[in-house]
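Heads up, the thing below is written out as structure tokens.
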Amino acid sequence: MIWNFTKMQGAGNDFVVLDGVRQHIEMTPERARALGDRHFGIGADQILLVEAPSHPEADFRYRIFNCDGSEVEHCGNGARCFVRFVHEQRLSGRNPLRAEIATGLLVLDQGADGEVRVDMGQTRFEPEALPFDTQGLASRPCHDDTLWTLPLADGSSPELSLVAISNPHAVQVVDDVDAAPVATQGPLIESHPRFAQRVNAGYMQVLNRNEIRLRVYERGAGETLACGTGACAAVAAGIRRGLLDSPVRIHARGGLLTVAWDGRHLRMQGPAVTVFQGQVDIDALTASFNSKEPAQP
Ligand SMILES: N[C@H](CCC[C@H](N)C(=O)O)C(=O)O
């Protein structure tokens, strides 16, 4: 079966985007893994699928699959690429667009400057929203936030802010993101058993009250060059910790994002770029992906 696809990126977080409105797309975790593979497939952090909506007020349904095959609740950089895709593919001329995601509706506005503004919806901070098992864990109040100390197998015990932007985030403050143990500690947080649905692990360096640097070890994808929901989570955590004031400029390794938070709604702005378009024989691609030697333990 041949699928048309578009490769896109938002601040270096990259996506395979599929039109599931004008073509029949049956996505599976295996196919998502094959499409996202950077050697056997097209290569991407996430796969985005645009479908006809089931929500009466939505223009489209927007589904997100990590490159490990897991389907997830939200993707902020992907939301900006989604609206550019819908307009460029002439699926709709409406602006702003309303996208149906797992937990509700997103309002997406493409500006004349090419930047896309996304109302990321409401944000929750209680551990149950992630979910996160706090039983027996030490915590301490920090301004309006609560910091949880999570002992890890590498001997470290980071203090984490918990934030749910539909998807789960654990954010810590570091002195220097370049020196942060993202590659070694990030996976230990991402898959820690206290996070029943796993978690995105954010590392935030505060430059001033309106500017941060951020790295994120993403659930189901590893470290990405930018994470939109991670940027929103870091801003909400930084404001609750009394370290930041809205709006905040976020320097990710792949580019610049801006997030504003009024205590209820998070609004994010940033780039969305079409890289190339193509066609893929999904059955042949999946077969060759499956033919490789299983990962050595
Ligand atoms: N890895 C995330 C999904 C993608 C989020 C990120 N790419 C963004 O821009 O928000 C999760 O499993 O919750």
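Keep in mind that glycine also has a Cβ here, set from the backbone N, Cα and C atoms.
Site annotation for substrate in TrEMBL covers Asn13, Asn66, Gly76, Asn77, Asn167, Asn200, Glu218, Arg219, Gly228, Thr229, and the matching candidate from Gln46, Gln110, Gln135, Gln185 is Gln46. When the recorded positions Asn200, Arg219, Cys227 are screened for a Cα within 10 A of the Cα of Cys75 (active site), the ones that qualify are Cys227. DSSP assigns Asn77 (substrate binding site) to a helix in the three-state reduction.
Residue density at Thr229 (substrate binding site): 30 other Cβ atoms are found within 10 A of its Cβ, drawing on all protein chains shown. Taking the mean position of the Cβ atoms of Asn13, Gln46, Asn66, Gly76, Asn77, Asn167, Asn200, Glu218, Arg219, Gly228, Thr229 as the substrate site, the remaining residues of that chain whose Cβ falls within 8 Å of it are Asp45, Ile64, Val72, His74, Cys75, Gly78, Val216, Ala221, Thr224, Cys227, Gly230. Spacing of Cys227 (active site, proton acceptor) relative to Arg219 (substrate binding site) is 11 Å (Cα to Cα, whole number).
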